[in-house]
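Student: Handing you a structure now.
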């Protein structure tokens with residue numbers, strides 16, 4: 001079947017044409033982009049070639065092979081933009097006409113001289129407009145080649161075919177009717193074309209998007225070397241499923257902060273595109289819009305049902321076990337427990353609220369979700385009241401952050417959104433599963449290990465393996481369980497004096513010293529007091545059948561080992577000076593076998609790097625439970641050997 005590419009299509013597109021829907025050939029394809037895959041095409045009309053960027057929503061055309069080198073395609077939606085004095089075609093939509101054929105003609109790369117200044121001359125007889133340029137040729141309205149079943153002619157050299165057709169271009173772009181009486185149209189006066197969010201890129205000079213606000217961040221103030229400032233961001237979603245973040249600074253904040261409402265649809269144009277800061281932006285878009293003084297944000301008064309109110313990409317809870325720390329994801333589950341809200345003192349000295357709840361789903365796993373700040377008293381309180389009445393709601397979490405402290409858990413961040421009993425297919429399916437018996441199904445938590453029982457996510461190691469496998473030397477700490485015996489406890493410094501003052505619901509616990517008037521002084525709280533607290537800081541040597549090592553046990557784990565508080569042991573040793581009783585307490589702990597839950601992390605002391613091993617939990621071995629664990633382990637080993 002012969003293929004005639006649209007004559008002079010490249011020149012026409014560079015001259016402003018957006019309506020011809022020309023036939024062109026893909027001469028080359030190249031994958032570019034680091035954070036997001038994008039394809040750059042080399043398009044040909046048989047005489048000229050020009051580079052084009054493929055919109056990301058069309059990437060699957062290349063991946064599936066529907067568009068490849070040699071394909072003849074029809075451009076449906078496209079624009080031509082100037083970037084750094086160089087024009088490039090942005091392809092928003094296209095159809096494959098011929099999947100593969102030989103390269104047609106001998107095209108040359110397009111340059112600016114190929115499109116000469118033009119002026120329009122009315123043709124009185126036909127009512128059409130003829131275009132003349134400095135080469136004194138006349139171009140009629142462009143015609144497209146038609147394919148018919150009865151055409152059996154073979155391919156001819158395209159350069160010869162061009163001699164049979166006049167050089168033609170599409171008439172210049174006509175402005176919408178409301179501009180017809182304005183006289184001459186200046187550049188950029190006509191409204192920009194609405195394009196999908198996925199097609200946005202810095203190559204476009206003028207664009208507009210129509211999208212719904214799915215999230216709006218708080219107004220934040222900052223201070224840096226350039227002075228004080230303020231910033232806020234909001235997320236957009238369009239009818240094609242494209243998402244992008246919009247950020248405003250300083251004076252622009254005053255213009256748009258009160259205008260933007262979650263759930264409303266807006267027309268946005270005249271913003272600048274910059275690479276997204278992935279440390280703060282979890283959306284799947286390599287660009288971010290920054291609004292400026294000239295930017296336009298118009299509320300669309302009519303509801304657009306084609307734009308969804310929210311877009312989720314839910315992950316089963318079981319997959320979170322293997323998800324990297326700090327990943328941002330969406331999950332949905334049934335709320336089975338809600339803990340009370342407590343106050344927490346952050347490292348910066350500010351107090352915040354925390355509430356922990358548990359979610360379960362059909363994957364047979366449950367996970368802890370930690371709510372921070374306003375989430376605790378807003379959605380958190382509502383969820384607690386529901387669970388207390390015996391109703392277990394469905395909760396969808398948009399943009400939760402994975403944490404690997406003591407197993408895997410999810411936490412809220414500033415961009416997180418919570419949806420209670422959302423109207424979605426996933427929520428309805430989860431509710432049906434739970435009501436039909438899912439509430440009675442036992443789920444294994446991926447957030448906390450059950451120490452004595454040997455759960456599936458418990459990582460058992462020997463003492464020698466800690467060193468042999470280099471545990472703790474990566475960026476993240478290693479968490480392991482070791483069954484070992486206490487062989488020695490240092491008794492000269494087994495505790496320290498701590499601040500007893502309460503900050504919210506937590507004790508300060510900062511180390512205190514005596515001031516000149518024999519009162520205790522806390523540098524953090526800047527207060528003095530008569531009595532201090534005593535907290536364990538035990539240095540313990542543990543060993544098993546193939547090695548020994550030193551570990552550190554703080555307050556809670558110290559009490560689990562010695563079975564009394566640090567203050568009680570301090571009184572026995574220093575106030576009562578009962579050395580025999582003190583020695584007996586220490587001896588009773590020696591050669592006792594424990595299951596130690598250990599946190600292993602390399603730290604720097606001065607100029608020296610050391611691996612620090614901290615006891616997070618210590619349980620005396622329950623030999624009945626431990627025997628069942630070992631029998632189960634033997635069964636698994638035998639089963640694996642049988643499969644081999």
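Every residue gets a Cβ built from N, Cα and C, even glycine.
Curation does not apply to TrEMBL; its annotations are automatic.
Got these off TrEMBL a minute ago, pasting:
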COMPBIAS  109-144  compositional bias 'Polar residues'
COMPBIAS  145-154  compositional bias 'Low complexity'
DOMAIN    5-98  domain 'Replication factor-A protein 1 N-terminal'
DOMAIN    209-289  domain 'OB'
DOMAIN    317-421  domain 'Replication protein A OB'
DOMAIN    479-630  domain 'Replication factor A C-terminal'
REGION    109-154  region 'Disordered'
Student: Run through the domain 'Replication factor-A protein 1 N-terminal' (5-98) and tell me, per DSSP, how many residues are helix, strand and coil.
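Tutor: Here the numbers are 14 helix, 49 strand, 31 coil.
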Student: What are the helix, strand and coil residue counts for the domain 'Replication protein A OB' (317-421) according to DSSP?
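Tutor: The domain 'Replication protein A OB' (317-421) comes out at 18 helix, 50 strand, 37 coil.
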Student: Just to be sure I understand, if DSSP states are collapsed into helix, strand and coil, how many residues of the domain 'OB' (209-289) fall in each?
Tutor: 6 helix, 43 strand, 32 coil
Student: In the predicted model, what is the mean pLDDT computed over the domain 'OB' (209-289)?
Tutor: 89
